[in-house]
Amino acid sequence: MALYAKAAEILEKVERKQATVKTLVYDSKFQNIKQLFALVCETQKFSSILQEIIESTKLLKQTKIKMNLAKVLVYDLVIGKGLKCGGAWKALMMKHRSRLQAALARMKIKQKVSRNQDLLSSSLQQPEGDQLPRYVRVNTLKTTVEDAIDYFKREGFSYLGQAYRLDDLNLKGKSFVGDLHLSDLLVFSPKTDFHDHNLYKAGHIILQDKASCLPAYLLNPPTGSHVLDACAAPGNKTSHLAAIMKNKGRLFAFDLDAKRLSTMSTLLLRAGVTCQQLANQDFLKVDPDGPQYKDVEYILLDPSCSGSGMVCLRDEASPSQNEQDKRRLQALAAFQLHCLNHALRFPRLQRVVYSTCSIHTEENEQVVAACLLQNPGFRLVPLLLQWPERGLAPLTKCLRASTTKTLTHGFFVALLERHTAERLEEQASETLNPVAEMSPSSPSASKDIHEVQEPISTTKDIDMAEEAKPTEENTETSGGVKKKRKKKKKDGDKEALEPKATEEQTNTSGRANRKKAKVE
């Protein structure tokens, strides 16, 4: 019963706009986070249908239970895979199962549909979360991409080589590929589950959506640098930064919630991160002029947001937002702008990545536009020109991500860089030798942003949501994916790979040795 009680509690808090589902589930410290997250998300998706069933059968009056608890119980009983509890609650709900099932059947007859999914509105019918690939980031602090690939092949997965188009990520069965943008990212078919996998438990792989990997990848701090992760929990981006830095340098990570920070500490320990300095502190109260931060040149800022880019939290709410939703977005945007302005106050700062898992322009382009107007010493850096989805005009140097165009959760990323006269002269000398793509590791300034939307108020308010044989020696290219040639392993190499630490790190091809772009 603990599962349903906790799910109902989270739904109530979400209704009161206390926090996002992701944050509340993570903070719950529930034993099976994945199970809880799935139940809450699915119940939210079918919320109006469940409420109609409950009201038509007068379930609350007959059982004396509250609406959100009734919703999670009814979801699993008549739509999900059955109740996962016993005792009095199960006995009580089983008494009403026939009437609840009949009410659901009447709804489908009335709407002339045969599937439960078809009862959902058009914006919710597409099973986007089920269609998204399973992304697995290889933790290069503990292993290499090559070793991870070999391990999965020995387990029966079929490696198809490097992906070259988005369509190559539409995988089935036990096939997997290397991602076309991030070289330390492996892509598996949807619903492939690694939560109980040895490599995951040992911290050799991180289960992280591709879009969530972009901020650290694009910030790309050099080995030995001083980096600050402003709103760090749950820690996936922090561990990614440490891997990029090769555990050399200093990585300051802040989070206001002590429990989240404690859990994050455990995650970083499992991932082999040693360069971190964690602080249970509000980033807005961190003194940029403090002596310990005098060498901070890189900041990753992923502040609290609406979470509207998370598939299960899709609100599709632009035209239909009520006044309360609009006020909440305005408050979030003001908080986000405050955080971004504060980040730019660090005296030696060179680059800051601003990211959200939101689809709302109020939290994304409008925040960045207002910040640029207030901080003329910073400019946007063009990012991954081959990326299929850009920020809304005129901020097309930013990146957006979505289920349809990038096969990820909804996301937004902007990279701001300090603008100096020396950099302008350096870039001006390169304008005769333009290149096709801007690397996140090569400094560049861009022209000022004047065509911006109305600035946002600066008053303060306010990361879980994958069947073929292994490839043989010298396999050939197929289906647009180039397969790697591998030497046949000796019999002794077929033993299971034991998780172990290694100093060899995988160099991210998208970051290294790229040319600088000309000034736009």
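Glycine is treated like the rest: Cβ placed from N, Cα and C.
Caution: TrEMBL annotation is automatic and unverified by curators.
The domain 'SAM-dependent MTase RsmB/NOP-type' annotation in TrEMBL covers 124-419. According to TrEMBL, the feature S-adenosyl-L-methionine binding site maps to Cys231, Ala232, Ala233, Pro234, Gly235, Asn236, Lys237, Asp255, Asp282, Asp302. Feature annotation from TrEMBL assigns active site, nucleophile to Cys357. Annotation comment: TrEMBL describes 426-520 as region 'Disordered'. The compositional bias 'Basic and acidic residues' annotation in TrEMBL covers 460-472, 490-503.
Looking at the domain 'SAM-dependent MTase RsmB/NOP-type' (124-419) alone, the prediction's average pLDDT is 92. The separation of Lys237 (S-adenosyl-L-methionine binding site) from Cys357 (active site, nucleophile), Cα to Cα, is 13 Å.
Fewest Cβ neighbours within 10 Å among the recorded positions Cys231, Cys357: this applies to Cys231. Candidate binding-site residues: Gly235, Lys237, Asp282. Fewest other C-beta atoms within 10 angstroms, Asp282.
Among Cys231, Ala232, Ala233, Pro234, Gly235, Asn236, Lys237, Asp255, Asp282, Asp302, the residues given in the record as binding S-adenosyl-L-methionine, the maximal Cα to Cα distance rounds to 19 Å.
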